[in-house]
Structure formats: structure tokens, C-alpha cells
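So that you can see what the record holds, here are the features copied from TrEMBL:
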- 267: active site, proton acceptor (ACT_SITE)
- 82, 83, 84, 85, 86, 87, 216, 331: NAD(+) binding site (BINDING)
- 182, 331, 332: substrate binding site (BINDING)
- 77-237: domain 'Glycerol-3-phosphate dehydrogenase NAD-dependent N-terminal' (DOMAIN)
- 256-396: domain 'Glycerol-3-phosphate dehydrogenase NAD-dependent C-terminal' (DOMAIN)
């Protein structure tokens, strides 16, 4: 749980994290609260743990007292593009941060719009959860975007380009976009950091990507969650952190936009593979082997594209893989389970009211793998299953018969 040790502030503060030593360096004087204690007996061990915890708490309180809150104070309006589950959860979370904040949700469905404004519920995704009264829905893009300080983009990747082109005339060139969408555009292989500025015809549009292990339902239920925001603009990442961080939501920052985006896209494809293993009842050994191999494939491709390896073992990488591959709330895992159980893909997708991005992303992932000359057997098998060129059972047989290799 290393993310618990990462302060919810910008990365430079991490250098102040307390360092614990069980013995002083040669010639050094121990600190008054030295942890250089004997490990003989339970009393001494408890003292070591208590002192370590107290020091950690003091460090945390000190940083919290210095944390800036001016971004939230001067923010008056937020717009959320899209009325899906995650967009709704983000709208609710930000609205609860400040009661005077106006949170506009731009939605397409008039019924969803009415239910949010009249009953304070999203009737399609969260009929049992009451939304804050400062969340307002509209189908008018111009009204939603007018005067907005931040924009959360929650439209599925495959529909984002056309959607953004339609509203581009109403977007202020300085409006920061926070992308919640995970995936790759199928025909162009573009990420959201490429789609948004190109669709808006503004290469300087401020951009932040938000990712990490998170289900919208648990955010709505205010359960503890940790996410990461990445931007090439450090000040912008810190601003979004200030805007969103709360008692139940930790926000870490990163400059590795490529790593966060690629990990977020590829883990959806891996989740389909994990679901297939579950649907075929192949057992825990198979699941562990497959997810491990899939993580290696994600690392191989992402680092070739310029991602940092540390990003891929953090919240947006390993953290998101664990959640999406192993938990039944995952849409992409559910698709895989049903495929492994023998259902047809068209029947699965037609029965779902939310988008499983991994289905469209699979083909794009393989095209990227070919472009960067990376072998990705597990994720390639998923793409072939989705294209109906391989059955799940046959895919397992072929993967198990690949040449034995040396781990690197």
C-alpha cells in the first residue's frame, strides 16, 4: 500500500518524508526520538511501531497545515461533459467540496437531464443516490461551458473527437480539460491528450489526465479512494489536486501523461482477458500467470512509447490493473467473463448500458504493438477473440504452447 505513504501534494514535498533508521550511521548522534531500539521483546517492538506512527502523523499534520486551498476558493463553476456513471460521480464529489460551487453536467439524454434537475438523481446510473443540489444538468453546450473554470471530460474515447468538434466554438482556449476517459481511438491510435487539442483546434488547450483504481459506485458512496492526475504543466496538476483532494479522495500528481494514459487504456484489455479466465473456470494459478504476463506486456509497450516504469507500478498502472482484473464491478472484466462462458460479443454489448472501452481499445493496442515492435501475446489474443477469429478455449491452448522464455 505504498500509495498511502505518498503525500497528497506535489512531488517535491516527498523529499521531506521522514526517514526511519533502526540504528544511527557510524559517528552520527541518534535523534531524541531515535528508533534505534532493541527488538528484544514485544514491549520494545510496540514502542518502535508507536514512535514511527507518531512521527508519520506529525509529518502529515505539518504538510496539511501548509496545504493551499486557494484554487477551490476561487473556483466558481465546473462543467462535466457526459452524464455517465464516472462523470456523475466526479460531479457529485466536486459539488460536495464547496456548496457555493456551480457544477454543470452537459448530457444528451433529456430524461437524465430532468431527473438530475428535478429529483437530484441520475435515473440511468445512480437512481438511489441523491446528488448535491448545486449539480445542474443541461443539454445546452454553450450554457454549460460559459464561465467555467475547469472542465471534466467524461465522454467515451471513441465518441470524443466528434463530440468535441461540435462544441469547440463554446470552449475558452484557456479552459483546463481534465480527462476521465480511458482508451485509445481505434482508427487513429490517439490518446485523449492528442484528441482533445486536435478536436478543439487548440494545441495549447490546458490538459490533465485523471486515472487510477476507482469505481464510480464507490466514489458515490464516499469510500476511500486514491487517484493520480498527470500533466506536463506541474502547476496545473497541483491546481487540480487542490480542487479534488478531500477526506475520502487522495490525489497524487505526476508529469508522466503518456504512462498514465497508456496504462489506463491497456488495463481494460487485460481485464477482458482476466474475465475470460474466470469465465472458463481456469483457476487462480492461471489468473495470476495471465495478469502477470499482461502487466509485462503493458510495461514493454508503454516504456517504448516513453512512459516511466515507476508510473506503471503506481496507482494508474498496477493499482488500476488489480481493481479492473479482479473485481466483479469492472465492466471490461464482465465482458470477459461472459465471453469465457460462451456468450456472443454482440449479445453482451447490446445488454450493457455502459461502455466497455477495452473492446474498442484491443485492436488499437495491437496496432501500437506492431508500430513499436513489441510482442504482446495475451493482449493480441484478446483482440483476436473480440474479432471472432479465435475462441477463448483455443486462445488458452495457443498461449500455453508459446515457447518457454527467460524472465527479464
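Heads up, the Cβ atoms here are built off N, Cα and C, so glycines get one too.
TrEMBL does not curate its annotations; it predicts them automatically.
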Helix-strand-coil residue split for the domain 'Glycerol-3-phosphate dehydrogenase NAD-dependent C-terminal' (256-396), DSSP-based: 107 helix, 0 strand, 34 coil
Substrate site, defined by 182, 331, 332: further same-chain residues with Cβ within 8 Å of the Cβ centre: 268, 271, 324, 330, 355, 356, 357, 358
Proximal but sequence-remote residues of the same chain as residue 87 (NAD(+) binding site) (Cβ under 8 Å, at least 6 apart): 80, 81, 105, 152, 154, 180
Residue 267 (active site, proton acceptor) versus residue 182 (substrate binding site) - Cα distance in angstrom: 9
Close in space, distant in sequence - residue 331 (NAD(+) binding site), Cβ under 8 Å, 6 or more apart: 352, 354, 355, 356
Distance from residue 86 (NAD(+) binding site) back to residue 332 (substrate binding site), taken between C-alpha atoms, in Å: 15
Cα distance (Å, whole number) from residue 267 (active site, proton acceptor) to residue 83 (NAD(+) binding site): 23
Recorded substrate binding residues, 182, 331, 332 - maximal Cα separation rounded to whole Å: 13
C-beta crowding around residue 216 (NAD(+) binding site), within 10 angstroms: 22
Cβ contacts of residue 85 (NAD(+) binding site) (under 8 Å, same chain, 6 or more positions away): 122, 125, 126, 216, 217, 354
Under 8 Å by Cβ from residue 84 (NAD(+) binding site), counting only residues of that chain that are 6 or more apart: 125, 154, 156, 354, 355
Cα-to-Cα gap, residue 86 (NAD(+) binding site) vs residue 267 (active site, proton acceptor), nearest whole Å: 17
Residue, out of the recorded positions 182, 267, whose Cβ gathers the largest set of other Cβ atoms within 10 Å: 267
Integer mean pLDDT for the domain 'Glycerol-3-phosphate dehydrogenase NAD-dependent N-terminal' (77-237): 97
Greatest inter-residue Cα distance in Å for the NAD(+)-binding set 82, 83, 84, 85, 86, 87, 216, 331: 18
